[in-house]
Amino acid sequence: MGGFKLVSNFKPTGDQPQAIEKLVEGVRRGYRYQTLLGVTGSGKTFTMANIIARLNRPTLVIAHNKTLAAQLYSEFKEFFPENAVEYFVSYYDYYQPEAYVPETDTYIEKDASINEEIDKLRHSATAALFERRDVIIVASVSCIYGLGDPIDYENLMLSLRPGMVKDRDEIIRKLVEIQYERNDINFTRGKFRVRGDVIEVFPASFSNKAIRIELFGDEIDRIAEIDVLTGEVLGYRKHVAIFPASHYATSRDKLERAIKSIREELEERYKELKEMGKIVEAERLWQRTNYDLEMLQEMGYCKGIENYSRHISGRPPGSPPYTLLDYFPEDFLIFIDESHVTIPQLRGMYNGDRSRKEALVEYGFRLPSAYDNRPLTFEEFEQRVNQVIFVSATPGPYEMEHSEQVVEQLIRPTGLVDPEVIVRPVKGQVDDLIAEIRKTVAKGYRVLVTTLTKKMAEDLSDYLKEMGIRVRYLHSDIETIERVEIIRDLRLGKFDVLIGINLLREGLDIPEVALVAILDADKEGFLRSETSLIQTIGRAARNAEGRVIMYADTITNSMRRAIDETNRRRKIQMEYNEKHGIVPKTVVKGVRDVIQATQVAEKEEKYEKTANFYDPDVIKSTIEQLEKEMRQAAIELQFEKAAKLRDMILELRKQLEEVSLR
């Protein structure tokens with residue numbers, strides 16, 4: 001397979017060419033860390049695509065959540081239709097990790113709902129890395145979580161060609177060894193079926209195609225790719241590589257060694273717990289682990305096999321797990337998108353996992369080796385990366401300290417400049433704001449207002465309504481889908497002013513917004529830090545008449561730095577426009593490609609359980625609401641709450657079935 005082929009109607013413009021050139025040159029010189037400081041709307045993704053095409057290396061793009069990763073994945077797929085653009089995020093729709101709460105003696109079993117489509121995409125991503133070099137994998141931070149041994153994964157691959165001497169039973173045995181399940185009736189992903197001398201395999205990385213292997217005696221006669229639904233032959237293959245159905249698949253020899261090693265650890269830990277006087281814990285561990293060992297012996301697999309991954313891969317205690325990073329070749333390139341958010345996330349993954357496992361190990365639910373099924377620490381992540389380009393409009397201290405060069409991309413292809421920032425006193429701020437809203441709305445534009453507290457946002461919203469202004473309040477209790485609809489309505493002009501507390505997380509790139517008002521701008525804190533202020537100011541940068549008004553009595557250090565940086569960028573942009581005769585134009589964007597809500601997990605909502613529902617729609621919406629709360633509780637390690645919510649959901653599902661049968 002050749003290199004990357006970038007397909008686009010656009011050519012790099014503004015300062016994109018110099019950014020591409022400098023970063024490509026930096027990689028070639030061997031710079032380990034570089035930063036692309038690109039303002040909102042300057043085409044950072046297009047710049048990344050051009051760098052990938054020029055360097056021709058396997059590339060990992062890390063985003064800070066699934067939604068942002070999905071957005072980048074679809075953009076890169078458009079830029080590289082002929083190359084392998086893959087998607088690697090957590091495959092859980094819902095995940096309640098295994099936990100133990102000593103205070104109430106409550107053990108919560110792992111409960112998860114796996115998204116089959118995402119699991120298929122994960123397998124497709126790892127398989128692509130062993131088959132070709134023109135690979136881009138867009139991943140969330142879950143790429144630093146443990147995965148099986150890449151050497152095993154490659155060695156266990158079943159490679160078949162027509163004319164090869166392979167007996168039918170040998171192929172079947174090999175498929176079972178790499179975790180494929182024989183099922184002649186229900187033919188789904190990760191299964192195979194046998195009909196006489198024909199074996200059909202549904203690879204883990206395929207979604208609607210399967211492989212048909214036709215044998216003649218002990219020889220492979222033909223290999224065809226077939227449509228799973230119709231059985232129609234889509235084409236014949238000269239070679240097929242079938243990768244394991246699980247990333248934790250391993251050879252029988254390794255499994256036998258792992259079983260011996262687990263048993264040794266069990267005996268040692270059992271003795272240790274007994275000596276500490278923890279009789280109940282010792283017996284619990286003995287029973288649970290022996291059950292898992294029997295499953296491994298007979299089936300080659302057990303529930304929670306990832307907790308034994310250190311034994312299976314033969315790693316020493318305390319050693320880092322294998323992750324997606326280990327599947328890449330040595331010369332791979334990493335882009336960390338929105339690095340000011342992603343880097344702190346990568347730093348925090350290990351500690352949260354460790355604190356949950358401590359109770360499980362201490363109380364005899366797991367062996368101490370379960371600690372080694374974990375995400376990488378940040379230091380281990382740093383050791384595994386080859387060359388990194390951080391991408392952000394507001395790079396954090398880590399990126400600025402480590403980068404061997406910071407390349408700025410300040411010119412927008414549309415000629416738009418950063419908005420003018422005005423500071424006004426707090427006294428009379430509401431009356432002044434109303435006057436500014438009326439002026440802006442009269443021109444057909446919209447307004448964003450950001451406050452510090454929920455109470456203030458609600459009061460302001462009520463007051464503006466009384467003054468005859470069409471306003472909506474965007475708060476954390478609103479679900480993602482409804483939020484998308486609210487922003488769509490704002491763009492369509494169904495209302496003119498949107499009030500919120502944190503307008504950063506929404507991905508609110510709305511061209512119709514010509515005014516952003518920041519109330520209490522001088523109250524230092526997370527929402528009024530330099531980074532947050534610059535990001536908020538950027539919300540007005542999609543409109544040629546964009547302005548930002550900060551209401552403050554004193555100018556804080558954060559405000560001063562944010563205003564100075566905005567004015568510096570604005571000056572460079574205006575000089576560029578004047579030199580090249582460019583007139584800024586407001587972005588014209590169809591309302592259907594509206595926004596990208598970049599926050600997957602919502603804040604919790606209050607839920608009071610009502611006795612009985614009789615309306616199926618009400619039950620369904622309540623289940624959806626509870627599932628959202630349950631996921632959030634699991635993320636925040638509130639396992640008892642998540643377990644209670646799960647039980648409520650199960651109860652409501654039963655009720656839904658009963659109502660449907662009436």
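Cβ coordinates are placed from backbone N, Cα and C, and glycine is handled just like the others.
Swiss-Prot lists motif 'Beta-hairpin' for one of the ranges 91-114, 115-138, 427-450, namely 91-114. A helical conformation is recorded for THR45 (ATP binding site) in the three-state DSSP classification. Within the same chain, residues at least 6 positions away in sequence whose Cβ sits under 8 Å from that of LYS44 (ATP binding site) are LEU36, GLY38, ASP337, VAL391, GLN409.
Mapped onto three states, the DSSP output places GLY38 (ATP binding site) in strand. In this model, the domain 'Helicase ATP-binding' (25-412) carries an average pLDDT of 90.
Listed in chain order, the extra residues whose Cβ falls within 8 Å of the Cβ center of the ATP site residues GLY38, VAL39, THR40, GLY41, SER42, GLY43, LYS44, THR45 are THR47, ALA393, GLN409, ARG412. Each residue in the domain 'UVR' (620-655) gets a DSSP state, and the totals come to 33 helix, 0 strand, 3 coil.
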